[in-house]
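Here's the structure we're looking at; comments come further down.
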Amino acid sequence: LLYSTLFSFYTRVWIPDPEEVWKPAEIIKDYKEGDTVLHLKLEDESTLEYSIGPKDHALPFLRNPDILVGENDLTALSYLHEPAVLHNLKVRFLESNHIYTYCGIVLVAINPYEQLQIYGEEVINAYSGQNMGDMDPHIFAVAEEAYKQMARDEKNQSIIVSGESGAGKTVSAKYAMRFFATVGGSANDTSVEEKVLASSPIMEAIGNAKTTRNDNSSRFGKYIQIGFDRRYHIIGANMRTYLLEKSRVVFQAEEERNYHIFYQLCASSSLPEFKDLTLTSAEDFTYTSLGENIFIEGVNDAEDLVKTKEALTMLGVKEIHQVSIFKVIASILHLGNVGIVSERDGESCHINRDDTHLHHFCRLLGIEQEQMEHWLCRRKLVTTAETYVKNVSYAQAVNARDALAKHIYAHLFDWIVEHINKALHTSTKQHSFIGVLDIYGFETFEINSFEQFCINYANEKLQQQFNSHVFKLEQEEYMKEQIPWTLIDFYDNQPCIDLIEAKLGILDLLDEECKVPKGTDQNWAQKLYSKHSKSGHFEKPRMSNRSFIVVHFADKVEYQCDGFLEKNRDTVYEEQINILKASQFQLVADLFNDGKDAGPPSATSKTSKINVRAAKPAPKGHNREHRKTVGTQFRNSLHLLMDTLNATTPHYVRCIKPNDFKESFVFDSRRAVQQLRACGVLETIRISAAGYPSRWTYPDFFSRYRVLMTKKDMTIGDKKQVCKNLLETLIKDPDKFQFGKTKIFFRAGQVAYLEKLRADKFRFACINIQKTVRGWLQRIRYRKIRKSAITLQRYGRGYLARRYAEMLRLTRAALICQKQYRMVRVRREYLRTRRAVITIQAFARGMFIRRLYQEFLLHHKAMIIQKTIRGWLVRKKYLRARYAAIVIQCFYRRVRAKRQLKQLKIEARSAEHLKNLSVGMENKIVQLQKKMDNQSKEYKTQNEQLVVTNTALGSEVTKLQKEVETLRSRQTAGTQVTSLQEELEKLRAELQEANAQKKQIEEEFSNEKQGLEQVRKDRVEELEKENSLLKKEKEEMNRRIQTSNQGDVSQKEIRLQVELDEERQRYQNLVKEYSRLEQRYENLQEDMSSTKFHPGHRRNHSNQSSLGSDSNYPSINMSEAGDTDDTIQQVEEMGIEKAAMDLSVFMKLQKRVRELEQERKRLQTNLEKVEELSKHKGNEPKSSTSEDDINADLAYNSLKRQELETENKKLKNDLNELRKAVADKASDNNSSNELQEGYNLLLNQLKAANEELDVRKEEVLMLKTQIVNSTRQSENINHIVKWTDNKKPVDSEDTVDALHPLIPYCGMFVFRLLEAQLQTQSRQHKDELEALHTQIELLKDNLEKKQEMLDHFSTLSPEALVEFSVQQEITRLTNENLDLKELVEKLEKNEKKLKKQLRIYMKKVQELEVSQATKSRPELTRQVTVQRKEKDFEGMLEYYKDDEALLVKTLITDMKPNAVSATVPCLPAYILFMCIRHADYINDDQKVHSLLTANINAIKKVLKRNNDDFEMTSFWLANTSRLLHCLKQYSGDEAFMTQNTAKQNEHCLKNFDLAEYRQVLSDLSIQIYQQLVRVAEGIMQPMIVSAMLESESIPSLAGVKPMGYRNRSSSLDCESGGPVGYTLQALIKQLGQFYTIMADHGLDPEISQQVVRQLFYSINAVTLNNLLLRKDVCSWSTGMQLRYNISQLEEWLRGKNLHQSGAVATLEPVIQAAQLLQVKKKTSQDAEAICSLCTALSLQQIVKILNLYTPLNEFEERVTVSFIREIQNRLQDRIENNQLLVDTKYTFPVLFPYTPSALSLETVHIPASLSLDFLTRV
């Protein structure tokens, strides 16, 4: 009955096919018991009668429902059989491009022959920490499962990777090791994981080769143990190798190659370091040219050799050893080319003496050529009686040569493996390990030899272990669920293993035959036939006596016996080995050292050196190891491997080769089935199918099949009982299912039967729904038709009535039209007659009038002709007269024009020159005005002089007149009178002449004044015109610029914003990296302090300022150091990139360095002068200074000079580093990391130079103070001397005696004072001399220039002279202007320096006053401060220096957020700032520096101690940002004072600029923000997937599908309850807690919004990554669930008023992914809609989701391959990131906006609970 039910109409089945192995068909006729034919229909619509019966085929395999096709786990299939497995793998591989599939505990990996982007670090992070069944199958999932079980169970693990050549074993093992290296990275920086990965290229070079099946086939097996410590960090590794294919060294089949290392050396033979190897192309050597193809497509052997050398270097192989390795490898190639010549007798051979290859072979190995030549053609035979040498034949010599080559390579291979293990070895105790076994799979070829026999033997052992492990897991599952255990019959291959390895088995008989002196392969074969012919696993071929067949678990394999004995013996002549042992090269001798062979055996370890000898053992005892055959060694190593695997928990990876042509994503079903059978996958299926393969938990079964239940069953509360009742009703056979504790177990096919019942139930329900809907649709259609008929009738009747009424209206209208028409016709006739009469009358009257008009017209024309002629005659006469007048005027005007032109040219030249001059023309006008004023003054003085002269002359005239009168009165002679009259006339003439000159001068002055005034007016008018024109042009240009920039403003703003975000992101990443390095440095310091105690170190003056703080930031001195401080501030304000590339900053630095250099030179010269002066004074006999004092002074000065020289060298080095850094950044502007490093270097060196300069300035101030004090003392001494002089005279001896007591105290000082005064006077004298010389030179130059100008003036015309003078005047004024500017700059600098000195003096005075006040009355001051009234409180807090540690401890170290929860938010920040204000108020820079540094260090320590506490991190982020805002708000900068009150402006800092500390606090805030986000993401990480994808926010929406083994047996402990399920409400609640905590702590809303945005990005990234890696959640219902969850998150954002934070935009990718799961995916319109919808998803993500999309029931359809291809074609031109997964570690750049506080500092109340009584309110 069951068969007739299952094999019914429309049932789909699988039938055998010779090409596709299995092909689908559909039953078209119900099957009944006893039928011999099954009627089928194939996919091509053809029919087939499939014979069934005992003699024919059995019933075909049933196909699984479409809903199960493409499952991640093959054990989830309802029908577990070969065609179902093959079809599922094929669908996943070809349609979805999924290369990994689970099959129970096995991961099936199909080689895609294409590089896939699924192995990046983001994929490793996505799989890390996840359960194996939660994610898509992947090699990383298997590695994570092994790592997790190792940590949970504390048991060693193994990953067994197997498969045939070309299936991808090596790559899979490599990716597994990469996962361990990434997840379990070493705790310290020993780079163990890098060394583990570095071993891969070395082993591939020496152990991999090209075969016909694989270009990089591993020709050996390896087992790598990766060791872990107790914290599960990698500490070391160890490698064991098995069965190296040594025969490949001397022989390769066609289209195959030797090992890669040979071709790598040949490809690099032209390099200088390989010239000594004398290698050429690989085609020239026998051992590399047998395959006839030395190249691999896409592989560069020379580049691979570079990688191999780098890997050897990383693993600690010295360069000399690398050279030796390459020499040994090259010697093998030369050995293969050694020519062996056969003798004529055929029993002997020889080698030519001039054989170059033998010479190179011996030279490279450092052995004697003659001995090697001798023993290559001979052998030594040892018997009990004698020893003799025997010649060998040509064939034997060639075999011996090849055996030697294989032996050398095998020992070199072992040596390299041993050194790799040494490099990976660790002295730390290994807690556990994970082993990765990369071993060959089952092999069968046309010709199978000894290597294939050993490989298949190893696979038999591994298959036995695999079967037992699978059987054990099944048994454990049944026992855990308390299911009755029945023995499952599974294939046990122990008989086949016994056939091979048991006593007198194949290997024993082979070893026995090898011991026979003349044993042959044929004799061995006959022994096998006679011994094992009755075995069920051994067969003899029919047509051959030299081969045998072994029936393995996978297939029958026929082995050819030829070569078995030789390969098992691995014969190498002992004489040749002894020659190699005597090599002069240590490495070659070590390769064949006997002590090396005594170590523990490995599969490739020390192959046998058996010599051909008698049956009795040889007398030598040390060759016992050589008697071990290859088979024995391999068996021993295989047993050791199995013991290791049995002691670990195994994980299996089976690699499948899809085709033999290495084509990407091409699936050959026959080859795949062959490998599935060979690798044990189908055996796993068979074992699972033999029991209860399908397993459902009770809740999942209830959710899936509740549609089959009755309403009565649904009322029962116990779901377990409901499931039992349902199954007992549906399945009558109780053996088909079993009830466990938590699951229901089904036999194979029962789930499919239940799915069929469920589908039938749905189908019946659909039919009822369709029936009801169709009836409802028909009723609606009938009602619509009836309503339409009634409507048509109504409209028809109305139409007939309207048509009759229209007819009546038309009849009436026709009558009216006839009447009107007749009337119009008669009227038209009358009017036509009337118009004709009127026309005749008009034409007649017109004829008469025109005749009269013609007569008048003739008279009028005659009058016009007369008038015209008369006027022409008059005009002609007038024009003649006018022309004559014009000619006269032209001549006259030309003369005047020439004169004006000449004058205008002069003016034009002068004006043009003035136009070309820049801004100085106004100065010229002013100068001209001044000149006019000067001339007017001169005119006045001349007038005054003339008046004086006139008065003088008048007085003289009167005097002379009086004299004349007196002379007349005395009656003098008449001659005298005449002479006096003549003289009087002369004086009058002179007076008139002076008056005339005066008038002339006045006229010239007035003319010149008028001319200059006119020139000034003209120039002013021209300048005004030019100014107006320039204004117009400026307005026009502004208008154009505005109109052209209006369209681009938004784009520029967006681009600038993006650049700003990128720069901010880059800077914050650097801050993050800095904090990480800082943390690392602190950890190292803690480690060092725990191991060794340092008592401390002394500091000198030069580094005291930089080492005085525990902060990691450089110390900051409040007294600025000249231009250097300004430069530093300028660098910080300008930013990183701009400052690094600003040449002005660099020039200032250079200028500062030059000034320091000049200061050093000046000090050095002064010291030298001091030394010379001291020497001269020391030589004088009358010196008052003792010799000891002089020596001490000289020593002091020499030390000072040495210190200055050292400082000079340091400054030069700093300058060179600065120049180098700036040059590097100028050459490469694209690397932001290098730019940041250059900037840091620049800033650190600037600050270091600044600090050094401060120290030097302090020393100078100290010296000046001492000099002032010494000057005062000298004045006292002078006063004493004067006082003695005022007394009575005394003797010189008395004076000396009086001053003798002062000499010990003042001798040294007086000497130094006199010396300093002498130096000062000499320096001043030299400076004055130099200044005088300079002035003399300048005066000489000025005289020469003036002489040249006078000479030039004499040659110029008056006009040119005026122009030249104006030009000279403008030049002079310009130079004076520049000099004045320089003078102003100097004065400003001096003003700054004086202000700084004033600050220093004020500070010292205040310190002195404070110290005196505290010394005199410390308690009184404290008491008075406390008793001040509240109204006098200025918002400052005073504390003693000794209380600073207590302040930091109370406010920061021991502060708990709940202690200040009821006070003002950010209260610690306000208190700290008020303390800083007081330190600024008293001008104590050390106190400010100490307090801020201590605060920063304390905050860092608190955050480090609470690195996983969100509340504490949020609390200090709020306080740090508030302290930063306070430093800005009260900095005194106008940009930050716009929102301050008047009282707040009064509280601004007065003395210090804390801009540098603001930068430090800003960086600290960024670090705290990053820690806050990291803590929040760590809390949310386990909740996101469960809340967003797994919890049912919409009940009963998600469907349940059959689960596979991976979902059934999670890596988590099921007994502990499994993983905690989080709901969406829990996630939203957690977000609410985060936001509430940040709000309670007073964190700025802008920062809170950025935190929420970052958390939402994390939700998006984790959700989308899991969606892309999980097939079970890619369904329509998950899309609906996801959209609902996102809407809830958006609602939460709106409720918190955070919808403007940009958090919703971060969810756009997952929103589009949810929409993609819900939209239709069939037609081209759907594809176009998807392309326009999914703009935030990459093409790779869209294709991945479409491939993963899984229908939850049979009513949905899968996404077709053609639809996915259409999507790819439409989006192939999209420019996007090709990354599949979202970067979960990405962090948005944080921006801290300036938010001033409205709280006034004097209103801050400090609660008594804080215990801050030591603070005093000021």
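Quick reminder: no glycine exception, Cβ is built from N, Cα and C everywhere.
Unlike curated records, TrEMBL annotations are generated automatically.
In sequence order, GLU204, ASN208, ASN216, SER218, ASP438 are the residues near THR170 (ATP binding site), counting only same-chain partners six or more apart with C-beta under 8 A. Marked as ATP binding site by TrEMBL: GLY163, GLU164, SER165, GLY166, ALA167, GLY168, LYS169, THR170.
Taken from TrEMBL, the feature region 'Disordered' applies to 1089-1122 (among others).
Marked as compositional bias 'Polar residues' by TrEMBL: 1102-1118.
Look at TrEMBL and you will find 1170-1180 tagged as compositional bias 'Basic and acidic residues'.
Here TrEMBL flags 1170-1192 (among others) as region 'Disordered'.
The annotation coiled coil is assigned in TrEMBL to 1201-1266 (among others).
What TrEMBL records for 1315-1411 (among others) is coiled coil.
What TrEMBL lists as domain 'Dilute' is 1493-1773. Over the domain 'Dilute' (1493-1773), the average per-residue pLDDT in this prediction is 85.
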- Message: Can you name every residue in this chain, apart from GLY163, GLU164, SER165, GLY166, ALA167, GLY168, LYS169, THR170, with its Cβ inside 8 Å of the center of the Cβ atoms of the recorded ATP site?
- Response: ASN111, ASN214, SER217, SER218, GLY441, CYS655, LYS657
- Message: Within a 10 Å radius around the Cβ, which one of these binding-site residues has the most neighbouring Cβ atoms: GLY166, ALA167?
- Response: ALA167
- Check the binding-site residues GLY163, GLY168 for other C-beta atoms within 10 angstroms of each C-beta and report the one with the most. GLY163
- Query: If you count the other Cβ atoms within 10 Å of each Cβ, which of the binding-site residues SER165, LYS169 comes out on top?
  - Reply: LYS169
- Item | CB within-chain contacts under 8 A for GLU164 (ATP binding site), separation at least 6 | ARG213, TYR440, GLY441, PHE442, GLU443, CYS655, LYS657, GLN675, ALA678
